[in-house]
Amino acid sequence: MTNDADVLQIDNLQTSFFIDGSEIKAVDGVSLNIPKGKTVGIVGESGSGKSITSMSVMRLIRNPGRIKGGSIHFNGEDLLQKTEKNMQNIRGNKISMIFQEPMTSLNPVYTVGQQISEVLQIHQNLSKKEALSKSVEMLELVGIPSPNDRVKQYPHELSGGMRQRVMIAIALACNPELLIADEPTTALDVTIQAQILELMNGLRKELGMSVILITHDLGVVAETCDYVAVMYAGQIVEYADVHTLFNNPKHPYTVGLMQSLPRHDMDQEELNVIEGNVPKPGEMPEGCRFAPRCPFASDICTRELPDLMETEDGNQVRCWVYSEKWDGDPEVNVKDDYKTARSQ
Amino acid sequence: MFVFTIRRILQTIPVLFGVSILVFLMMHLVPGDPAQVIAGEAASPQTIEQIRERLGLNDPLPMQYLNFIMNALQGDLGTSIRSGQPVSEEVFSRFWVTMELAFYSMILSAFIGLIAGIISAVRHYTIIDVVVMIIALFGLSMPNFWLGLMLMQFFSINLEILPVSGWGTPEQIILPVIALGTAGAAIIARMTRSSMLEVIGQDYIRTARAKGVKERFVIYKHALKNAMIPVVTVIGLEFGTLLTGAVLTETVFSINGLGRFVVESIRARDFPAVQGSVLVIALVFILVNLIVDLSYRFLNKRIDLN
Amino acid sequence: MLAESTVQESMTKPSNPHIENAKNIFKRLKKNKAAMVGGFLILLFILTAFIGPFLVPYGAGEQNLVNKLQGPSAEHWFGTDHLGRDIFSRIIHGMSITLYIGFFSVFIAAIFGVVIGIVSGYYGGKIDTLLMRLMDVLLAFPGILLALGVVTILRPNLNNVILAVAVFSVPAFARIVRGSTLAVKELEYIDAVRALGAGDVRIIFRHILPNVFSPIIVQATLRIATAILTAAGLSFLGLGAQPPTPEWGAMLSDGRNYIFDAGHVALFPGLAIVVVVLAFNIFGDGLRDALDPKMKS
């Protein structure tokens, strides 16, 4: 199980929310490895459990949510067994996180400098003065002009893109081994998005860290990720390296996502939208969770939940089509037949 | 900020004007002849005429108002009918007693209210939260004069450890301040709790946790400072409520303050005294509101996202 | 290049917002246990006010000087006062007075507040400025002070207390209603309704009033609690209901004179006030949570 090449190993993670006496399984048996120095994307619609997965890694799941089971090994140590105090030493230090909402993710009553300094004072025992001068360096690193002035400003004096840069500065201040970026560019303008992604990519190479990039945007994935996990209804349905995923997607859901992307190399009449909705947590289908929306669904799909299976190219997919038990059309090719199957 | 301050100060002028008119009219809104009312049913026409003369009731109304306001601006609030002393002297000899009572009560309210509110918010979804909020609800629903009587009965009469009445010594201060401050503590506790809960749900609190900040500091450094902004407003506004709550508390504990003076003047239908003290209390209240408003604006400057 | 695999959200058409709301509100209210308890208590108090006086053993003014200032006993559950009157019976008799003051003063305040708020918000301009300045002036008298002023002008008695409490509650209603009116007025559908030829009166009654209804109800419930407290305070000061009326504040005022020998005379009327005010506060909190989830605390 343990592998030196992986900085993080999530194994069978289960995180649930307990509301009004009923359990909502937000993350249901997710296993995922993050190789050192690589960027792994987690893709899915909202409610697929991708953010809850990342919050579980940080052990920041709050009441009424709870991590029910599984393990999360970080450099060989299980984060789920650590005390809260030990976790505090890891957060912002070994594992950092940046969020979707740069406008609201910074504390409005403290200056930018104070907020970057705080993390340095906590984890590196720097004095106030040292922390502040390191903060200026960090602002410079993330490409903020005149950092000596900016460091004294309050968040409301900065634009959204600037604030996200500050968030990145906070996250990277202690040289983390793993950065979790939860939709870091979603709330930003398109031009700023590209800048922020470029910055993150550059810093990842420079600092040699691993990145988990959570997004619903396949365009961002194509540009930045080495590996991709596609999540659906609390589970990973496909895991592959980025080239395979884009060239040869296997899961009908992944194919559906791909086809909803506008393409330049094909004559497209319309963007395809996957019909239907993500199943509500309380109303999970008995079999494959995607079956109700899947154009290929056969008997077994509605009866039994498939496992995440290894494919011949070493990737993983959670779909009956690729198993010996498949009881539908034996000649089916998900990628090529998706459109025809869908129109039927 | 400067423009806002000036504008906000200018805005109080029509309010001050309106308040002075209302206070002035108080005597004239009384059904019948105010001089007759003051003198009593059995008074002779000469007495009534005397009173009329003394209060300037023979002048046309606008003239009377003008006199009233000009005198008031010079610190002359007329003469008390009951005591024959200048109202301003009567009012100011009692003014600081009431201010002290209100001030100490505010300190107590803020102290208890903040602590209870923070505990409640931090222990959200637990029995502690429920219990604190039930106590707060009781505190909110209790008449302060009744609470005062009950405290007096228990501590002064049954246990005989605190004095029944008066104002000045530390022992005399305790019971009135608790009686008056309880409702305020309840209001501040509820406000603090809801403000804290709102702030704790904010993105920047998640950021603080993700930075590895200790939970204690997440609450006291990151959440509290933000949550305090609306709470400060409530605490400030509470001061006005305490100022008038003093009317009842002072009566219960026989404290010779402005509140009891108002009540006794009303009973004696001593109009100049009522007018003078009501005017002073309203002015203090307007001033406090102005300060609260400005400080809220100042504190909120950094929050204002757009 | 930036595509999102967003799933279309089902568009819900607001077919009839009012009816749907009423159903939802009741559902949410039913879920709120505290609110249900508060509501039940209020109903119980109303029932007591109506039939209680027929069930209690003594009349409100029934004196028995031999038995004066007796402590609680099987005969006199809450003891007797300085005139030997049964305190329990007097409290039950006083229930209707307390509720009458609470409901009636708030009702008057709500009527005036709604009219002022709607006129102010709907017509705007000079009349808005004038009315709101007037409300500011009323608000400049903190708490009970305004009520004291009104009682000074009029004679202290029960009806004037109601008026006094009403006057000091008007600004709260006026401000809330004005705010809601402004918000509703800005909605596009009001323009559409106007374009269809609806006059001001129709727009106000059909479209604005139903929308300001929820905040008014919440405010009214919480105001009743304040009104009862204020009225009791005025009576306690001798500036409200006058003895021998079994008004709780007035009873407390009596009790104050005997606090050294017979504490129960002040204890029980005060407890009665606490319980009734508590019920309205609980119910008001619950209503607010149910009617306006955003304000939920």
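Glycine is treated like the rest: Cβ placed from N, Cα and C.
Annotations in TrEMBL come from automatic prediction, not curation.
What TrEMBL records for C:34-56 (among others) is transmembrane segment.
What TrEMBL records for C:95-284 is domain 'ABC transmembrane type-1'.
The transmembrane segment annotation in TrEMBL covers C:97-122 (among others). Distant neighbours of the transmembrane segment (C:97-122): 45-46, 49, 128, 131-132, 135, 158, 161-163, 165-167, 169-182, 185, 200, 204, 208-209, 212, 216, 219-220, 223-225, 227-228, 231-232, 241, 245-248, 272-273, 276, 280; these residues of the same chain sit at least 6 beyond its ends, with a Cβ under 8 Å from one of its Cβ atoms.
Long-range neighbours of the transmembrane segment (C:134-154) within the same chain, counting only residues 6 or more positions beyond its ends whose Cβ lies under 8 Å from a Cβ of the stretch, are 116, 160-161, 163-165, 167-168, 170-171, 174-175, 230, 233-234, 239-240. Summarising the annotation, TrEMBL assigns transmembrane segment to C:134-154 (among others).
According to TrEMBL, the transmembrane segment annotation covers C:160-177 (among others). Proximity of distant same-chain residues to the transmembrane segment (C:160-177), defined by a Cβ-Cβ separation under 8 Å and at least 6 residues beyond the stretch ends, is recorded for 100-101, 104-106, 108-110, 112-114, 116-118, 120-121, 131-132, 135-136, 138-139, 141, 143-144, 146-151, 154, 212, 215-216, 219-220, 223, 226-227, 230-231, 234-235, 239-241.
Per TrEMBL, transmembrane segment is recorded for C:212-238 (among others).
If one looks beyond the transmembrane segment (C:258-284) by at least 6 residues along the same chain, the residues whose Cβ comes under 8 Å of a Cβ in the stretch are 34-35, 37-39, 41-42, 45, 69, 71-72, 78-79, 81-82, 87-88, 91, 94-95, 98-99, 102, 218, 221-222, 224-225, 228-229, 232, 248-249, 251-252. Taken from TrEMBL, the feature transmembrane segment applies to C:258-284 (among others).
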